[in-house]
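The structure appears right after this line, and notes come after that.
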């Protein structure tokens with residue numbers, strides 16, 4: 001074996017000292033090794049050779065050394081525990097992977113972070129930027145994100161930095177003697193390792209033993225023991241009753257490993273994937289949902305309908321998604337369906353001791369603790385002082401206050417916001433950042449991305465035919481490949497990627513002002529369209545329709561991230577854009593009936609009704625021919641089955657106007673859509689809409705049909721229709 005170099009010997013001694021120091025205070029320590037790639041790798045291998053037997057992972061986008069795992073393997077570390085982590089950033093820096101992996105390091109653990117020289121890191125090509133770069137952009141230099149990260153690393157007081165360009169005599173020296181290892185916190189008699197965790201366990205037990213339909217949300221940063229609390233509570237409940245049944249769900253089984261490990265093996269405990277819970281609806285006395293922030297909101301809301309006793313655990317902010325945003329967004333569903341729900345926060349760390357340097361570094365580097373500023377209730381004078389502007393990203397990257405407030409808005413508004421989104425807004429090619437300011441503070445923001453302008457006819461044809469899917473360009477590719485608009489990729493567009501407003505200033509028109517600013521900029525540049533794509537909900541559709549944007553496309557399958565059907569809305573900025581938006585809207589209107597009866601048959605009828613309301617109604621000519629049949633159904637005893645075809649036509653023509661006029665409720669509109677367009681069986685409708693039986697359901701449909709008829713034919717009111725016979 002070759003003799004270690006003096007540099008390697010010095011680094012090994014320092015790493016061993018840091019490891020001992022970390023064990024002594026039960027915190028984590030960070031050793032940053034910067035320099036040429038081969039040199040950094042050799043130093044890390046020397047450290048690993050002198051610290052054998054530790055739970056270790058080496059993450060790298062490069063294939064060297066042999067034990068290195070790809071950055072994507074960081075996903076597997078969720079719920080796991082590491083004592084030593086090597087993160088090689090020479091092959092690119094993935095913020096999500098870094099956040100996931102460092103969260104798996106336990107107290108006493110050591111992070112070896114390998115980077116290029118900090119001063120030049122941001123100028124080097126980073127292969128990880130390929131995910132940010134739309135076609136035809138190649139991978140970019142590290143840019144603003146890496147420059148900021150390098151500043152954060154260089155200024156971190158607890159981080160130990162070894163720089164290849166410095167003589168070892170100038171490197172930090174290990175402290176001696178090393179402190180004795182600190183024992184982990186001793187669990188109490190019930191297994192809780194902190195007072196917070198004990199309260200969380202008792203809260204879970206109250207859900208199981210107390211009144212039904214009072215779900216619990218556990219919210220915490222990583223390492224606070226929320227998953228363990230679920231497992232300990234499950235173990236206690238299963239020990240009390242042999243026939244008790246608990247179902248555990250999470251984004252994947254690995255994410256529930258800590259929970260399942262603390263619960264132990266028991267015939268009454270099973271893991272079930274979230275979608276399977278809804279599809280199969282297996283019986284359970286209690287359902288535990290771990291890492292809920294990474295599960296689509298519609299699936300979680302579906303669980304509220306199906307199970308009376310639920311506990312949701314969510315990470316406040318991290319790779320898994322943002323628990324703070326989850327909490328705010330899911331709160332509406334909880335208030336609607338289970339107003340007796342409760343929130344329990346865990347603050348005290350368990351996996352490591354308080355004031356952990358690596359946690360502090362992660363918060364700063366990835367803005368994991370980004371928060372929105374406190375805002376007093378606005379007055380008319382306050383609102384008049386709000387300004388909108390496009391932000392310069394070079395300036396933004398150096399303004400920690402503005403950047404933190406802006407990212408905090410994204411976190412609280414979009415619960416799937418991840419560390420990678422910070423890199424996107426700082427470095428994404430063609431990305432624009434707009435903001436509204438109040439007294440200098442960011443209180444609303446809009447992120448947009450340039451798309452389209454694909455001049456190559458062969459590539460456009462390949463997109464239309466489904467043979468090519470170049471990176472990025474979501475709007476034009478969706479409109480071409482799925483909406484049948486082959487010309488869409490040639491047009492130049494701006495896509496709204498995110499829009500968020502401070503909670504205290506919502507419903508005061510800030511979102512509309514940002515959109516107006518964006519559209520004015522697009523017109524001034526000679527662009528054709530502005531557009532957006534998002535998971536459809538009635539509220540979001542209403543907001544965008546209120547801005548005058550037009551519905552252009554509905555996805556026929558659920559989006560993997562949101563669990564919702566994606567929609568595309570457009571606003572024209574040129575004559576060519578107007579022609580495309582009009583054509584898209586018209587084509588979707590002609591197809592929506594077939595879609596609702598086919599691939600969208602399982603779509604929530606409330607969303608289906610909102611989609612119909614967003615589209616221009618078809619011609620009214622057919623209503624005159626169907627008038628007699630419709631009146632016979634509404635006011636006499638004509639059967640539902642015999643009336644379905646004319647009822648479908650009436651729904652398409654009159655639903656939007658009748659709903660806007662307040663003559664029917666959103667639930668009544670949803671019932672009509674589910675019955676006449678999605679063609680659900682009466683038994684399904686009775687269950688979904690809580691009717692007392694088929695007869696009551698039919699009576700409700702007759703009544704709603706009558707209201708649509710009154711709107712459709714003002715001269716044919718109730719006094720002029722065939723009276724109901726007993």
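For all residues, glycine too, the Cβ spot is worked out from N, Cα and C.
Residues or ranges marked as ATP binding site by TrEMBL: 191, 192, 197, 351. Annotated acetyl-CoA binding site per TrEMBL: 499, 500, 501, in sequence order. The compositional bias 'Pro residues' feature in TrEMBL is assigned to 174-187. If you look up TrEMBL, you'll see 393-574 marked as domain 'N-acetyltransferase'. The region 'Disordered' annotation in TrEMBL covers 166-195.
Cα-Cα distance from residue 192 (ATP binding site) to residue 500 (acetyl-CoA binding site): 39 Å (rounded to the nearest whole number). Around the Cβ of residue 500 (acetyl-CoA binding site), the same chain contributes 409, 410, 412, 413, 414, 444, 445, 446, each under 8 angstroms and 6 or more positions distant in sequence. Residue 351 (ATP binding site) sits 35 Å from residue 499 (acetyl-CoA binding site), taking the Cα positions as reference.
Around residue 197 (ATP binding site), the same-chain residues six or more apart in sequence whose CB sits under 8 Å from its CB are 224, 225, 226, 228, 229, 232, 346, 348, 350, listed in sequence order. Annotation for residue 191 (ATP binding site): spatial neighbours 201, 232, 235, 262, criterion Cβ-Cβ under 8 Å with sequence separation of six or more.
The Cβ centroid of 499, 500, 501 marks the acetyl-CoA site; residues of that chain outside this set whose Cβ lies within 8 Å of it are 409, 413, 444, 445, 446, 498, 510, 511, 514, given in sequence order. The 10 Å shell around the Cβ of residue 499 (acetyl-CoA binding site) contains 24 further Cβ atoms across the protein chains shown. For residue 351 (ATP binding site), other Cβ atoms within 10 Å of its Cβ number 23. A 10 Å cutoff on Cβ-Cβ distances gives residue 501 (acetyl-CoA binding site) a total of 22 other Cβ atoms nearby, all chains included. If you draw a 10 Å sphere around the CB of residue 192 (ATP binding site), it holds 22 other CB atoms from the protein chains shown. For the binding site of ATP, formed by 191, 192, 197, 351 according to the record, the largest Cα to Cα distance is 14 Å, rounded to a whole number. Cβ atoms within 8 Å of the centroid of the Cβ atoms of 191, 192, 197, 351 (the ATP site) belong to the same-chain residues 185, 187, 193, 194, 198, 201, 225, 228, 229, 232, 350, site residues excluded. The average pLDDT computed over the domain 'N-acetyltransferase' (393-574) stands at 94.
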